[in-house]
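Below is one structure, written out as structure tokens; comments come after it.
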Amino acid sequence: MKFMIVAATLAVCLCLSTAAPLTEEVENIVPAAEENYRLITDIEPINYNVSLKPYLLDSDPSEKRFTFDGEAYITIKPKVTTSTLVLHSKNLKYSLREFYAKSKPDVKTTLPAVEPNNVTDIVTYTLTSALVANQEYVLHFVYTGTMDDDMHGFYRSSYTDSKNNTKWLGSTQFQTNHARRAFPSFDEPRFKATFDITLTSHKSMKTYSNTRIVNSTTNGDYVTDRYATTPKMSTYILAFIVSEFNERFNGDFGVIARPEFYKQTEYAFDVGQEILKDLGDYFDIPYYSMGNDKMHMAAIPDFSAGAMENWGLLTYRERALLYDEGSTTLSAQQYIAAVVAHEQAHMWFGDLVTCQWWSYTWLNEGFARYFQYFGTHNVETHYQMDQQFVVDQIQAVMNMDSTVNTNPMSDENTNTPADLSRMFNSISYNKGGTFIRMVKYVMGEENFKNSLREYLKTHQYTNTVPSDLFTVWKKYIPAQFQSYADGLFKSFTEQVGYPVITFNLTTPTTLVISQKRFLLKEGDGADGNLLYTVPITYTTNVENNFNLTTPKLFVTPNDTSVEQTLPQAVSWIVGNVQETGYYRVNYDVKSWHGIHHALLTNNWGGIHELNRAQVVDDLFNLARASVIDYDLALDILAYLKTETNYLPWTAAFNGYNYLVIRLGLETKNFAVYIRDMTSKAYDFLGFEDKPTDTTLDIYNRAKILSWACKFGKKECITKAQEYFKNLDNKPVPVNIRSAVYCTAMREGTEADFNKLYNKYLTETVATEVTLILNSLGCVKDSKLVSKFFHIIVSDSVRRQDKSAALSSLYSENNENVEPVFDLVAENLDALANSMGGYSSVASVISNIASRFTTAQQENKLKNFNTQNRGKFGGSASTLDSAEKTVKENLDWAEKKLGTFKSHLEKYTTGGSASLSGFTALSMVLFAVLARFLC
């Protein structure tokens, strides 16, 4: 004991004498083309009156099957006198095109039979007589269109009912540029208008649209429903459904789904009403006061997006809306509530007030993502989504935003369909929501709420650009921060990336703060000279206040460094309280060790769980980027052996996942390491839910069990197999099913696979179907890998689910990476046909290749690309990016992975890397002494 005290004292003295500073898939960005995709703004639409009649039934004429008849009257008003009429149309065949002055409906002029540009979808009509400024005209079109199965435009979907009959339906997905496939239109968000929709369908079917039906008429076997006029809105949020669905409806609010799924609509029906009212109260604009007096939410069997914010007719994948008490996990139930909140938040941010162009997608999606978490939290507090935001959103986007493969939140370089798709990435969603949350903490909650109310009321039924929001926000920024507002807004929305803020305790009372852009990769072409205006928060062991989230100061691009004098000497400091700011934090080595020692004391030194998660995430990524040494990071991360909270463990598993991928097939020592690191959490949480569990305990249990079983914890595997063996007699406890199913597939036989696959084929709960499908990808036996791959390619798996199923097959086991690549190469054409095109396959190849760990695999990719690039067209650039990623990963592993391997080797053999009881006790003594000696 005396030796330990002396050693600890010497360590403290040495520490005080030195103050030296110390997996995410790449999203491919396609540059904009020179072609002009934008409409001229000389003409604005006022109203669309659109009638559609789809043909979906066997009894319909064969030549019309899966087509629709359409007629559109579009009222327009030129802003200037012009002889040019420009609008969008795609895949529509016209039998009549004409226009007339609204004041002279009998004097019609035929429009020329002009075809749209096959790249931009723009139709340009040159008129023989000019349209006069400020006079209204009516464009009249009669046409037909196709109901394809690609989940865009007005498309077809199907399902098998309880009597094994195939049922067809028609649904829509117009965002961002697909309304033009249903009717000729000014198909950009800035061209807002009202819509009058009429739908004709067979009497066996029902129709739904954004508003209420105002009257219905019957003509033989067909019923025509005419809908009330919509509020003034953009084309992309128009929607209609023709189906045999049933609805749960109270006169104002309803949920629509297959008849046999009626019972599964109850949770969404209840929580949806609560969230919609709560959001209306928060914004001080009740939903039903905005010009649409009803709300439906529909579960669609085939749906490309997770969900869609059509005003008054929200559409969802079935797993994002339907809940079954006995089969839906708590995390899947939370997902339903969160997606509902996301789409309902769009009624204000996106529908009532809309971004002027997709360059500013974050004005829609950033707020929807923010309220996805905090709107849900206000109603379903037990999910603790306010805390999950940090690990789900902030930490998830930071990797992408620290490479050359990123884009600014406000991106003027947005033109082509590829550009539009790019804008619906994690920058607009995660970073957008993160930026909004950061501004909220600068303002304070009450100012933030009032600013949003003013913004919405000022700009309702119109379009906005970021400066419109910033003008309002500046009114509510506290006086002491006003001078920083413009810098804060511009540096995080117009620039890419974010900084790493270094906290350097040069003395126990002197803090020097500096910034530098954080870059994950060396020499990837990203600009490392960018600087930001950053709100700074911190606390110390003396203050120990992790609830004080108001900035203490700002760091600006003009500051080389900022010096702060602390009122008392401190032994540790933690920056970015509750990770309220969008930045990483680095420390001098002494301060890092101070944090480490605090984490090893009772209750982790009082350090907030969000900041423990932040410390973990920063350590992994600072080391990955060579900002700090891996030895230092791994030394501090050893504290995880004492951790039981979900948030730090989620950050840890994300960090470990990158390293595990880089290890490839060399995971034997890591398995020993992670079993030991998770042992306390495993014992603390157990295998089944407890009455005392919080939501995050339940989620943490699922993660801990998954990693423990995956890396060979015998008790974990045995229990999982026992649960699976009794599956037919007793359902697996719902919240551990992912770990049980996956373990059973990884360790099981073909009979086990067939057992779970047969359950997939007969399951009627959408959330369970998704869970089973992804669990089937945990197989490791080569025969079963091939079998499941071919199941994915077949019609047994819906197109919308194929990518996720494939991902599970190559991501759940490192051993599967190369075999799955080989299967893709061998079945390339069939897979492309199955997934809807080679662009989807290019993404699969890129994601698999990001897991390559050998030069032989790199050569295999190059050979594949050489032989097949001609098939990929514009997506060949994705294959080129994949080659670059593989080279970067191999180079990184050659330089950095050896340290981690050595650490694992020492840990496995009981060397200095392992946290022995002696070392742990020494660290505790170190921390106690540090409080008195610093």
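Counting starts with 1 at the first residue shown.
Every residue gets a Cβ built from N, Cα and C, even glycine.
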Transmembrane segment per TrEMBL - which of 619-639, 913-933: 913-933
Among the recorded positions Glu343, Tyr429, whose Cβ has the fewest other Cβ atoms within 10 Å? Tyr429
Roughly how many angstrom lie between the C-alpha atoms of Glu343 (active site, proton acceptor) and Tyr429 (site 'Transition state stabilizer')? 13
Averaged pLDDT, computed only over the residues in the domain 'ERAP1-like C-terminal' (572-886): 97
